[in-house]
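In Swiss-Prot this protein carries:
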BINDING   S117, L118, L119, P120  (6S)-5,6,7,8-tetrahydrofolate binding site
Amino acid sequence: MRLVFAGTPEFARVALDALLAAGHDIPLVLTQPDRPAGRGLKLTPSPVKQAALAAGIEVAQPRSLRLDGRYPDDAAQAQAQLRQAAPEVMVVAAYGLILPAWTLALPPRGCLNIHASLLPRWRGAAPIQRAIEAGDTQTGVTIMQMDEGLDTGDMLLEHRVPIGAADTAAQLHDALAAAGGQAIVQALAALQAGNLPARPQPADGVTYAAKLDKAQAALDCAQPAALLARRVRAFNPVPGATLRLPGLDEPVKVWRAQALDASAAQAPGSVLRAGPEGIDIATGSGVLRLLELQKAGGKRQPVDVFVRGWQPPAHPLKSE
């Protein structure tokens, strides 16, 4: 099929590669403008832009698609490029810009979105992280016919993906990205064959995956250990769970932790023990064992290495 692709990060790049491998005609790709990245804050193209240029595809990078918005010239130019591309359908994956009504109406077969959850659960910006944080054991990707709502369009196809007990957001991201690429190729094949029925999203079971906030990554030891361990996994690698350890001026990042089936009489935040097997912290319910940490400005270290250079004073931990 002749299509336009809109996406920005690695999740979307995987889908673009799958569409190209399936032989779809993609004359135009939309992606976010280049952003500063790295230590030197050098302007860096998105993964999708890099893949598109490598494939010889024209790239558009409007700052907005709203003709009546802050960047009307950008939107008008993108509109002209889309009309010139004349796609049958538009595929959207983690693009990062709101698609106004004119965009949704332009392709004859509309706009299909690859969403990283089993809708209507986890509509919104951070479905991967919120699924882990909530303790879900299963998630997936939904191919959705886009409308003007927030992930409210009709569902066309689902691929289910299990969430392992130790999966981090990075690991689940990669699994869902691969599933998304497979799902959109399957959906377009069904669409071409006239066999892609749409189902309205049910009214029950709607949840929203709020955007990640760096402040939420600070672990509060008054909360249950099981929740804290899930948050460590959910916020790995971004924004990274943090905790203030006594004796250190800056909070440390916690890359791995586990909830122990144990109780503690000490106040939440108390260091119960520290050794090569882990740093055990009293919480509001249960014990959290820290397994991999990183000091500010340092490297990630397994706990047996970390504890050699840190001795816990006898007072509770504090959240960031």
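A Cβ is built for glycine as well, from the same backbone N, Cα and C atoms used for every other residue.
For the (6S)-5,6,7,8-tetrahydrofolate site, the Cβ centre of S117, L118, L119, P120 serves as reference, and the other residues of the chain with Cβ at most 8 Å from it are H115, R121, W122, R123, P127, G140, T142, D151, M155, Q201, G205. In sequence order, Q138, T139, G140, T142, E158, R160 constitute the residues six or more apart from L118 ((6S)-5,6,7,8-tetrahydrofolate binding site) in its chain with CB-CB distances below 8 Å. Counting other Cβ atoms within 10 Å of each Cβ, the lowest count among the binding-site residues S117, L119, P120 belongs to P120.
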